[in-house]
Each structure stands twice: as C-alpha cells, then as structure tokens.
C-alpha cells in the first residue's frame with residue numbers, strides 16, 4: 001500500500017518540471033479557447049447579417065412581384081381603357097419645348113408628358129396618375145413611373161416628387177438627365193427582341209438621399225413600337241438602420257438558371273465572399289436574374305466582433321499573461337534545481353548508449369581498436385581486431401603511422417592489411433586504429449573489372465549478332481515480299497501485306513542496332529514539312545479507312561515553310577507513331593498537329609492525338625527499353641513494339657525528345673519535339689499567289705475541318721466565306737462542302753478517307769482535305785472546268801433569247817415585273833420566309849415558261865427544289881444566278 005502511495009505522489013508531484021508542463025498545457029488551452037471564441041463570434045456576426053440580407057431580399061422580391069402586377073394592371077386595364085367623356089376638362093401646361101405638365105385637382109402625384117402627343121395620351125396620363133394617387137397616397141419615400149408610349153413615342157413621367165418645381169430650368173437640372181437616361185434605356189429595351197423584363201443597378205437620388213432600382217417591362221404591339229413601363233422602386237424603407245445604403249449593390253446573377261422551381265431554396269441561399277479589402281454577402285432574388293450584394297469592410301467586422309466578446313477576450317488575455325508568467329518563472333527555477341540533483345534516468349540512458357555503441361562496433365566490416373597508451377589497455381575492439389591483436393605491436397605501429405601521415409601497411413600471416421591511426425580529440429593519449437584487409441579488396445576489384453570487361457564484350461557481341469542477323473534476314477524478306485506481290489492468287493494480297501510487315505520489322509531491327517552502337521548518321525536536306533505530311537498520309541490512310549477512323553491534319557506552319565534537317569528520320573517518326581495510334585484506337589479520330597514553338601522558330605512540335613483506350617504502363621516502358629513488354633493489338637495485327645524507342649531515339653538525334661501522355665478511356669497524346677533549322681527567306685512573296693482574287697464558299701459543318709481547309713486556301717491567297725458571313729448578292733467562285741446533299745452544282749466534296757482526287761459528277765470532285773497537294777490539284781481542276789463552262793456559256797446568250805423576248809411582245813411587261821420579283825427573292829431569302837419565297841419562284845417560273853425561256857425556267861425549278869430542302873446556301877446561289885440571267889436578258 002505504501003509503495004502505491006509513493007508511486008502516486010511521484011507521478012503527480014508538485015516539482016517545478018511538472019508545474020512547468022501544466023502551465024504549458026494551460027497556455028495551449030487558452031490560445032485554442034481564444035481562437036474558438038473569435039471564430040464563433042465572427043461566424044455569429046456573418047450568420048446574423050446573412051439573415052438580414054435574406055429578409056431584405058424577401059422584401060425586395062415582394063415589392064417586385066407587387067409592382068409587376070401593377071405594371072400589368074396599368075397596361076391592360078388603365079392605359080388601354082377608352083372613355084370618351086373622361087377627356088373633358090383636362091388641361092395641360094407647356095413648361096418647355098415638348099414638356100407638358102398635367103393639371104389635376106389631387107396633387108399626391110404630378111405628371112409630365114415629354115414629346116408630341118394627342119388627347120388620348122393626355123387622358124391615359126390622367127387615369128394612370130389617378131390610379132397611382134391611390135397606391136402612393138400613404139407613401140413617404142419618392143416613387144416614380146415612366147411610360148414610353150408605343151403609339152406616339154411620347155414619354156410620361158408620374159412621380160411623388162414636385163415635378164413642376166423641379167422642371168424649372170429643365171435643360172440644366174438633374175431631372176433632364178434622369179429623363180434622358182430613362183428614355184435611352186427604355187428605347188434600348190424596346191428594340192431588344194429577347195428581353196421582356198429587365199432591372200437596373202442600384203441608383204441614388206441625390207437631393208432626396210433615396211436609393212432605388214428600376215423595373216422595366218416591355219409590351220409588344222403589332223404595327224407599333226413596343227410600349228415600355230418602368231417603375232423606380234425605392235429601398236430606403238427596407239434597409240435596417242445599422243446597414244449603410246451606399247454599401248448595397250444590385251447586379252446580374254451569373255449563377256441564375258432561369259427556372260427557380262424551389263422558391264424557398266432559391267431565396268434563402270446566401271453566399272459570402274472575402275475579397276482583398278471587403279466582405280461581400282449576396283443573396284439571389286427569386287424569379288429574377290439579379291442578386292443583392294452587401295459590401296462591408298473588414299474593420300466593421302472586427303469592431304462589431306470585439307464589442308460582442310470584449311469582456312471574455314480581456315479575461316482570456318489576462319489568464320494567458322498569468323500562465324506565461326508562471327511558465328517562465330518555474331522553468332528557470334527547475335533549470336537551476338536540476339543542475340545539482342542527479343537522476344537515475346541519466347545512468348539508464350548511459351547504459352543503453354554504451355550497449356548500442358558496442359553493437360555498432362561488433363557489426364563493422366573493418367577492424368576497430370581503441371587503445372589507451374597511459375594505462376596500456378584496450379578500450380574498445382571488435383572480433384576482427386581481437387583476432388589480429390596478438391600479432392600487432394601497437395607501439396611500433398603508432399611510431400610508423402606518425403611518420404607516414406597515419407597510414408601504414410602490414411603483412412600478417414601472409415595477408416596484407418592497411419592500418420589507419422587517428423588520435424582521439426577527447427582523450428589525448430588514446431589512439432583509434434582501423435584495420436582493412438587489402439587482399440580482399442584487391443580481389444573484389446579484380447572481379448569487378450573482369451565482370452565489367454565481360455559485360456562490355458557481351459554488349460559488343462550482342463550488337464554484332466543483331467547486326468548480322470538483321471543483314472541475313474533482310475534479303476530473304478525482301479525477296480519474299482517481291483514474290484508475294486507478283487502472285488495473282490486470292491490470298492496473295494494478304495501474303496504480300498505480311499511480307500511487307502516482315503520487311504519493315506527487319507528494317508527497324510537494323511535501325512535499332514545502328515542507334516544502339518551509335519553508327520547511325522543524319523542526312524541534312526532542305527525540305528517542306530507540308531510535302532512530307534502529304535507523303536505520310538497515303539501510307540496510313542488504308543489502315544485508317546479499314547477501321548473507320550477519321551484523320552485530321554492541322555498544320556499551323558506557313559504555306560511554303562522550308563526546314564533543314566533529316567527528312568527521312570522525321571518521316572519515320574511520324575509513320576511509326578501514327579501506325580501505333582491507329583492500332584490502339586478502335587473508334588473516333590486521329591489528329592496530327594504541327595506547331596512552331598514560341599521560344600524559337602527553329603523548334604517544331606508534332607502532336608498526334610488519338611481517342612483510343614490509352615497506352616498501358618507496361619507499354620510505356622518500351623519508350624526507354626526496346627521491346628521489353630508486349631503491345632496492344634487489334635483484329636488486323638499488333639502494334640509495333642519498337643515504335644516508341646525508335647521514335648524517341650530518332651527525336652533525340654534531331655535535337656529533341658518524345659513525350660507520351662495517356663489517360664485510360666480518353667486517348668493518348670504523342671508529342672515529338674525536334675529542332676529543324678528554318679530556311680533563310682531568300683525572296684519575299686512578291687509573286688502572285690495561286691488563288692489570289694478567288695472567293696471560296698466553305699460550307700463545312702465541322703469546325704475543325706473548316707479551320708483546316710480555310711487555312712490552306714488562305715495560304716494560297718483565296719478569300720474564304722461561310723454561308724453565315726455571305727451577303728445576299730455576294731458571288732463566289734468555288735464551292736466546298738463536306739455534305740454530299742449540299743453539292744447541287746459544281747464544287748468540291750471534302751473527305752478524310754479519299755486517296756486523292758476523284759470525279760463524282762460533272763464539275764464535282766471528291767478530295768482528301770488532309771493532303772495539300774490533292775487539294776491544290778482539285779481546286780485547279782475545278783477552276784479549269786468552270787473556265788471551260790464559261791467559254792461555252794459566253795456564246796451570245798442574249799442573241800436568240802433576246803430576239804425571242806422582243807418578238808413575243810411582252811418585253812415591256814417583262815421589264816416591269818421580273819426585276820421586282822428578283823428583288824423580292826432577295827428580301828424573302830434574307831427573312832427566311834420560305835413560303836413566300838416558293839410562291840415568287842413559282843411565279844417567275846411561269847413567266848419564263850410562257851416566254852419559252854428554258855434556262856430561266858430550269859433555274860427556277862432548281863430553286864424550288866432547294867426551297868423545299870431549305871438549303872440556304874444553295875438558295876442564295878441560285879437567286880444570284882437568276883439575277884445574272886435576268887440582267888443578261890435586259
């Protein structure tokens with residue numbers, strides 16, 4: 001029992017060390033309490049202000065809903081009411097030019113009319129003013145209403161302010177600015193077709209110190225301008241006294257979705273943002289796209305928080321000061337007292353430390369001996385030193401070591417040892433000896449050198465073996481491929497493809513050997529990157545067509561960009577990576593992007609992006625070690641296991657590297673960074689470009705394809721337009737589209753799987769837009785065809801047909817009616833009125849048929865077909881053709 005009591009007293013003793021720890025714990029608790037107190041006070045203040053903002057938002061929303069109803073009442077019932085007898089006895093006073101004051105018996109509200117108007121507007125103003133007298137009779141804050149009449153474009157202002165007095169000196173007063181700004185806002189909203197209701201930002205009435213915002217509502221009237229009703233809704237009576245009015249802001253809500261199904265959730269949502277100098281508390285107004293924002297400085301938050309927690313905070317600070325004083329006092333006292341009081345824990349620690357030192361000494365792979373010369377005894381030694389100690393004369397070893405910088409060699413039992421001596425810095429007459437077996441180290445070094453020589457020999461032998469086996473396989477593989485290509489059997493094509501794969505693998509093995517033994521040499525030539533791409537595309541196009549993939553070539557370099565470097569190496573890199581991307585992609589597309597680095601014009605980046613399943617981690621290891629892991633495969637074969645390593649090594653030979661980034665299920669991006677010197681521009685482009693003064697209509701659905709084609713054509717000097725950019729009467733020379741149904745006349749059909757240029761109809765060609773040379777050939781062929789057609793059609797068109805028109809006796813009627821119908825075609829096409837457009841085209845077709853003008857009749861029939869299909873680009877083209885035909889007849 002006594003033993004338990006003594007242990008309890010020692011555990012909870014009041015020694016200075018224990019009291020110091022208690023004070024330290026108290027300081028930590030007080031600091032945490034202070035932080036929690038401040039945080040709770042700040043959160044409570046923010047929560048209270050958030051509730052106030054929500055209440056203000058509810059009040060503003062209720063006011064908006066009420067005055068929405070009043071707006072509709074004024075427009076539907078009061079402004080639209082016609083009472084013939086009510087206009088008798090009305091009187092207005094002209095204050096300024098186009099400014100009239102309505103005289104009325106009740107003076108709660110006053111009304112001004114701006115602009116010329118009739119009696120109906122005066123009567124309507126009287127009714128609205130009387131109605132607002134009733135609504136605003138008990139209000140003390142200023143209210144105003146603006147009514148922009150769509151009938152006569154007059155503006156009516158009804159307000160509780162003394163308008164007649166304020167209007168004196170109208171052009172110099174603030175009322176003039178307010179009325180002008182309101183009229184501009186209402187006219188702007190009246191012209192906006194997609195905006196029925198809008199709100200203004202928070203505004204301030206200077207002489208009344210009133211804050212308000214404007215609710216504007218538009219009412220469309222057939223045959224007249226839109227009518228706009230605007231109310232200035234004050235908020236002075238909605239804001240609590242402790243919140244300054246100038247700190248409120250009403251702004252559009254960027255997060256509004258437009259369908260507030262849950263009204264309570266929508267109105268009670270509050271967001272708090274901490275900016276650099278202020279705190280913003282905002283709440284959205286339900287059924288509107290606005291939100292109310294209250295800005296408060298950080299100083300206000302700190303002052304309000306300190307006022308709420310001042311007494312507890314002072315008490316906490318006082319306790320913290322006492323705890324710090326006690327901690328410092330008892331800490332110095334405990335440090336003085338423990339200097340003279342021995343502790344048993346020190347002895348235990350020394351014992352443990354000595355045991356650890358003995359364990360370390362016994363595990364050393366060297367001999368360790370610590371010798372004290374004064375007492376001639378060994379202080380520390382391990383087994384290796386104890387084994388050699390009987391054969392050592394430490395006195396002689398010490399003397400010789402002092403003469404040879406502390407290092408000597410000694411032979412013990414025909415074994416060579418190196419002995420190093422160090423003098424102890426703690427005990428002056430104590431030496432430390434380290435004994436190392438030299439024979440064992442020499443033997444180990446010999447074995448290491450022999451292993452290194454054997455490794456280098458094996459490496460050299462492997463390289464020679466791979467080179468010889470590659471040379472031995474190359475000739476039979478080529479012979480096999482040539483023989484398979486000459487066969488006419490049904491299986492010969494498959495056999496030839498497999499033979500080509502074998503030849504390609506042998507070539508890659510030889511290239512890998514040359515790169516490994518550094519015997520590969522670069523051949524620098526001057527070449528065009530675009531021409532190189534035009535060679536690569538046909539090589540990978542069959543595999544892409546076979547799998548149903550889409551290929552996009554996006555070359556951002558200049559049209560005639562010339563580079564100096566190894567063309568064959570770059571071609572092999574692109575082929576290897578694109579073939580690998582085709583194999584690993586089952587659906588989607590493969591994109592090749594070519595860019596010039598912004599840092600240097602001599603550095604190029606080739607990016608190949610696919611939409612496959614991605615490359616696994618094991619396949620990525622093939623980037624650093626050739627053919628170390630298996631690769632993906634499809635039903636046509638396996639991906640090339642040497643592609644990554646060869647591409648990276650060739651890119652490094654070209655001064656760059658290969659980078660691969662992949663994501664499972666999304667695809668892979670292969671980035672090849674190389675250095676290709678740009679050719680010095682000898683002569684600027686002074687000559688005329690290929691397609692200068694040629695206008696091309698590009699009707700392409702895909703934005704990527706449209707950008708690729710537009711860049712190519714503009715590099716050749718053409719002007720490209722789209723159906724949306726084209727004017728009604730604007731002509732173009734060449735028509736390009738990727739939709740076969742849009743190719744109703746001569747033009748180019750763009751495709752990504754065409755091997756070159758193919759004729760699909762008279763004056764219609766199908767071309768692969770990824771191949772620049774094919775695109776250029778197709779454009780030139782189409783221009784030649786169109787020039788040939790123009791030579792045929794330039795035969796006297798107006799000869800027989802003009803004579804026939806004059807002989808029919810209807811020439812005067814033709815001149816009076818047909819040009820007007822052609823203008824009507826342009827107008828109806830601009831408004832997309834297809835029904836009226838069809839009637840006009842049918843009427844013109846009848847005129848041409850009656851006069852036996854067959855070309856005009858055929859043009860109208862084609863136009864009717866395009867109208868039924870709603871083909872806007874085709875409609876515009878044929879309207880232009882009909883216009884040209886009519887002008888040629890006239």
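From the backbone N, Cα and C atoms, a Cβ is placed for every residue, glycine too.
Looking up the ranges 22-42, 43-63 in Swiss-Prot, the one annotated as transmembrane segment turns out to be 22-42. Residue annotated by Swiss-Prot as phosphohistidine (from the set 387, 404, 806, 842): 842.
The range from 267-287, 288-308, 309-329 that Swiss-Prot describes as transmembrane segment is residues 309-329.
DSSP assignment over the domain 'HPt' (803-890) gives 77 helix, 0 strand, 11 coil. If one looks beyond the transmembrane segment (309-329) by at least 6 residues along the same chain, the residues whose Cβ comes under 8 Å of a Cβ in the stretch are 19-20, 23-24, 26-27, 30-31, 33-34, 37-38, 41. Taking the Cβ of residue 842 (phosphohistidine) as centre and 10 Å as the limit, one finds 14 other Cβ atoms among all the protein chains shown.
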